[in-house]
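To keep things clear, I will list the structure first and then write my remarks on it.
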C-alpha cells in the first residue's frame, strides 16, 4: 500500500436540535402548562488511533466527515435524541492540526486513544425552560447552535526509538537490513529510499527497539533540494538519533562537509530536534585501511568539534553492529518512560464552549423557581388565565 503521511480533511460536528413550544393538553386538564422539550445535542467528531493502520491514503480521497444532527424536542417534555458521534480512525502517531489557526489539537500516540476535534452543537431549549412565577405560559424557545467545523491537517509521524540520519547512499538502509528483518530497497544510486522504513531490532526475547530509516538529506534540503526536509518530522518522536557518515563517498566529497551539512539542515528544521541525543556512526570502514579509517574519522570529529559517542561500523559486512545495538538498547533503558516525559497538554478550546456555559447559567435561575414537579396536574390553576392574542 502506498505510504501517505499527510492529508487534509474537513470535519463537521452535528448541529444541536431545536427546542419546541408545547403545552400539556389532556382531558380534564385544560390548562396543563408548558411541556415543550429541549432538542438533542449534536454529535461530535473524534479521531481514534488504530494500530492496524499505517497510512493516511484513505483521507486523500475521503475528505469530508460529518457527525449526526441532534433531533428536535417534542411535547410532553420529551428531549430530542442526541446526534451520533463520528469516529475517524487514523494510524498511531498521527498529529491533528487546525489548518486555519495552526493550533495543534493533539497527538495520538497510543492504540485506542481518542481526541475530540469538533464539538457538537448545543441543544435548543424548549418553552418549559422559560416558565416562571410571572411567565406561566411561555412562548419562547431557542434553536440549537451549529456544530463546529474544522479544516484539519493530519500528519503521520512514525513512532520509533532510534532514527537514522545521513546523506543519500550513506548506508542507512543497509544498516536497517542488517540489524532487523526489514528489507528496504538498496541500490548504488542516491535517493533509493523514497519513504520512511521501520525495523525492529531484537536483542533478546524481552528487549527490543524500533529503528526508523528516512530518505537521505542533502545540502539545501531546507530550501527544497532533493526530497526536502518533510521526512524529518518522523524523527521528532525518536529518543536517540544515529548520524550515519559515509567515510568513503563514491562522489569523492569530503565526509566532514557532508556531516556538517546534515547538522545544519537539522538545525534549520527544528532546534529542538537538533538537541536530541545524537551519536556519530562512521560506515563503510571495510573499504579502507585501518590507518585511513582513523585519519578520516578524526578529521570529521575535529571539523564538527564532536564530543559525543563515536562508532565505526560496516553495515554491509555486519561489522561492529552488535556493540552499537547493545549500547543503544542500554541507553534507551536508562531513559525515563515515555509517559513520564509527556508534558501536560493544553485543553482544546472549542468554539461553542463559552456559549454553552453562558446559556446554562442564564437559565439556572428558572430552575430555582420550580416549586412543583413538571408533571403536576395543579400546575396551571383555575384562578388565573392567560390571554393569547393572534394577529395576522
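Using the three backbone atoms N, Cα and C, a Cβ is placed for every residue, glycine included.
Look at Swiss-Prot and you will find 1-159 tagged as domain 'Obg'.
Positions annotated as region 'Disordered' by Swiss-Prot: 121-146.
Per Swiss-Prot, the feature compositional bias 'Polar residues' maps to 129-145.
Taken from Swiss-Prot, the feature domain 'OBG-type G' covers 160-333. Each residue in the domain 'OBG-type G' (160-333) has a pLDDT score, and their mean in this model is 84.
Neighbour count (other Cβ atoms within 10 Å of the Cβ, all protein chains): 24 for residue 173 (Mg(2+) binding site). According to DSSP, residue 173 (Mg(2+) binding site) is assigned to a helical segment. Positions annotated as GTP binding site by Swiss-Prot: 166-173, 191-195, 213-216, 283-286, 314-316.
Annotation comment: Swiss-Prot describes 173, 193 as Mg(2+) binding site.
Sequence-distant neighbours of residue 314 (GTP binding site) (same chain, 6+ apart, CB under 8 A from its CB) are 283, 284, 285, 286, 320. Look at the region 'Disordered' (121-146): DSSP puts its residues at 4 helix, 0 strand, 22 coil. When Cβ atoms from all protein chains are considered, those within 10 Å of residue 284 (GTP binding site) total 26, not counting its own.
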